[in-house]
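Q: So Swiss-Prot lists the following for this protein:
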type: BINDING; residues: GLY48, PRO49, SER50, GLY51, CYS52, GLY53, LYS54, SER55; note: ATP binding site
type: DOMAIN; residues: 16-258; note: domain 'ABC transporter'
Amino acid sequence: MTDTPQNPTADLPIKVTARNVTVSYSGKQALHDVSIDIPDRSVTAFIGPSGCGKSTFLRCLNRMNDTIDGAVVGGSLTIDGQEINDKTIDPVVLRASVGMVFQKPNPFPKSIYDNVAYGPRIHGLALTRPELDEIVENALRKAGLWNEVSDRLNHPGTGLSGGQQQRLVIARAIAVNPEVILMDEPCSALDPIATARIEELIDELRENYCIIIVTHSMQQAARVSQHTAFFHMGNLVEYGPTEDIFTNPRDTRTQDYITGRFG
């Protein structure tokens, strides 16, 4: 239980603030009083065994739990000081500013161009075709994909390799100017070479975005993140600079997890 916030990031601007966040599904509590401050322009990793609550908390950040029957979310959750669970907040607009990248690449059954252009079209971010072209190119460049696909933008996104598809999905998220990018096991379906490219991309993107990644790979958390939060049985057990979590954990449960005593 973390009813006082864990904040090892006092020297960094805070992007996401959670206070006593709870989640239950059909009356069964899945997350217990999570309080945390997550900094901007950095990568924060959520680690822990299966069913520990890390993905449940991640889904709170763009209100994906709203889509689950029987889900009840409590507590306060703000992005840049704005309470995202306020009933006046349109979840569709929220999900544009809080992008989501899932475990399995999920490009739309559209062309590469239309995959990236989809969000800007819906949200009216481009008034002309040249403006839309620029948004698409910029997003693909930021995702490290432009040089690989610039000559075949009309080809299906589903025809790309797994790693390219995942970068296309990241470009799709970037195209609508998000504040936060959520990644739920983004490399679990990829081979080691594609995983390394995604990890390089994450490191590049953190210069401009708040990135939060759920991963079962402690090695990946150590490689890509600046801060790490360890969840266990629906509780946020420990949160701190990644190096401290892995080399000098304060809680014995964290120590036991990272040394492989359970998982």
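Each Cβ is built from the backbone N, Cα and C atoms, and glycine gets one as well.
Quantities reported herein were computed from a predicted structural model and do not represent experimental measurements.
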Q: Can you check how the pLDDT averages out over the domain 'ABC transporter' (16-258)?
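A: Per the prediction, mean pLDDT sits at 96 for the domain 'ABC transporter' (16-258).
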Q: Look up CYS52 (ATP binding site) in the DSSP assignment and report helix, strand or coil.
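A: SS state of CYS52 (ATP binding site) = coil.
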Q: Among GLY48, GLY51, GLY53, all listed as binding-site residues, which has the most CB atoms within 10 Å of its CB?
A: GLY48
Q: At a 10 Å cut-off from the C-beta of SER50 (ATP binding site), count the other C-beta atoms across all protein chains.
A: 8
Q: So around the ATP site, GLY48, PRO49, SER50, GLY51, CYS52, GLY53, LYS54, SER55 aside, which residues have their CB within 8 A of the centroid of those CB atoms?
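A: Leaving out the recorded residues gives THR56, PHE231, HIS232.
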